[in-house]
Amino acid sequence: MEYLAAIEKSLFLLGCAYLSWKIIRYIWGLAKIKKEPIKVLVSGAAGQIGYALVPLIARGAMLGPDQPVIIHLLDIEPAVLSLKAVTMELTDAAFPLVKGIVSTTKAAEACKGVKIAIMVGGFPRKEGMERKDVMSRNVSIYKGQASALKRFAAPGCKVLVVANPANTNALILKHFASPSIPEKNISCLTRLDHNRALGQISERLKVHVGDVKNVIIWGNHSSTQYPDANHATVNTGKGWKPVREVVSDDQWLNTEFITTVQQRGAEIIKARKLSSALSAASAACDQIHDWVLGTPKGTWVSMGVCSDGSYGIPPGLIYSFPVTSKKGEWSIVQGLEIDAFSKAKMEASAKELIEEKELAYSCLN
Ligand SMILES: NC(=O)c1ccc[n+]([C@@H]2O[C@H](COP(=O)([O-])OP(=O)(O)OC[C@H]3O[C@@H](n4cnc5c(N)ncnc54)[C@H](O)[C@@H]3O)[C@@H](O)[C@H]2O)c1
Ligand SMILES: O=C(O)C[C@H](O)C(=O)O
């Protein structure tokens, strides 16, 4: 009898456990369904970065695999047919996370209610052109789009400027979108340079790129940027070791590594006759992903953000720093030791940004 009662009790407990598991799964399912779609704007959506970026957002690479999105696509009238084609393809791809598409040539309509704005629209650098050549065309675009974001974006909208000159476009946007969009919510893309630096070190050491971390891109997204491996570490299989120690070639780290990363954009333009798109789109996803969802413990990334004077960089400039992010808020990594070599390179890039700023404002007058 006792034996039968024990079996009965076990079956009852098993039944309870099964039922609880079913209830938990049901509630989890409901919670997943309940995630509200986030409106994400891509300006310059008919261009080549736009074409690579939109499917990444639609697949959840930017905001997570369970985050529905409504994608706002903006481009200009001359690109309207290409914009229509992107819109049709986005529909045809039947992405489960895409809950709506807004496709327009009107900035006000495109910015309406957006929580994330990826500003890719602009005039790209062509072979043989210096970045300053594209300055005047782009800063006036960014002044206009700042006003549209200021008036129509959702409160707390995070803006990532990709279009070049990225730091200075972001600076102009910061000025004209203030105070509705606080400076904390505006960044420019230097994650591409960061990823390029990781890639160079991983190739050199013949390790997977995921086993290298904490490089830094200081300064401008231009050839004066300073890719810094002084604080970077590599997973050797027996723990994380300083990259400088493992590479054991200061000459390479102080010369070829830096120039390769600085010149990578120009090198790609030379090879493709077009600027980078696949890697730029992927980096834009990475930057928003880590900003919104947080950086992994013990890891920082590079982001062009408004300087608060850290490391002696003039406050107010949009300058690339090492940052960590938590709950959607980035902060500059403090207390890193900076040697004289690094300091000189960081200052040179800040000087270029000051010159760009003056040029940009003179173009607007
Ligand atoms: N920060 C980085 O790491 C990085 C990397 C690669 C490229 N870029 C820059 O990104 C930008 C886009 O590059 P791309 O290769 O996609 O160029 P692209 O010419 O293929 O696309 C740009 C798109 O912007 C559109 N556009 C122009 N003015 C606009 C406006 N006022 N509003 C909305 N859209 C507008 C164009 O019609 C075009 O469709 C360029 O400025 C390029 O230099 C930056
Ligand atoms: O330098 C450019 O104009 C291209 C782009 O910014 C890149 O880094 O690939």
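Including glycine, each Cβ sits where the backbone N, Cα and C put it.
The NAD(+) site in TrEMBL is built from Gly44, Ala45, Ala46, Gly47, Gln48, Ile49, Gly50, Asn138, Val162, Ala163, Asn164 plus one of Asp75, Asp193, namely Asp75. Taking Cβ pairs closer than 8 Å, the transmembrane segment (40-58) reaches residues 69-75, 79-80, 82-83, 85-86, 90, 93, 95, 97-98, 103, 107, 110-111, 114-122, 124, 145, 153, 162-163, 274-275, 277-278, 280-282, 284-285 in its own chain, all 6 or more past its ends. Considering only the residues assigned to NAD(+) binding, Gly44, Ala45, Ala46, Gly47, Gln48, Ile49, Gly50, Asp75, Asn138, Val162, Ala163, Asn164, the longest pairwise Cα distance works out to 17 Å.
Ranking the recorded positions Arg196, His221 by how many other Cβ atoms lie within 10 angstroms of each Cβ puts Arg196 at the bottom.
His221 (active site, proton acceptor) is 8 Å away from Asn164 (substrate binding site) when you measure Cα to Cα.
Gln48 (NAD(+) binding site): 18 other CB atoms within 10 A of its CB, across all protein chains. Asn164 are the binding-site residues among Gly44, Gln48, Asn138, Asn164, Arg196 whose C-beta comes within less than 6 Å of an atom of ligand 2, given in sequence order.
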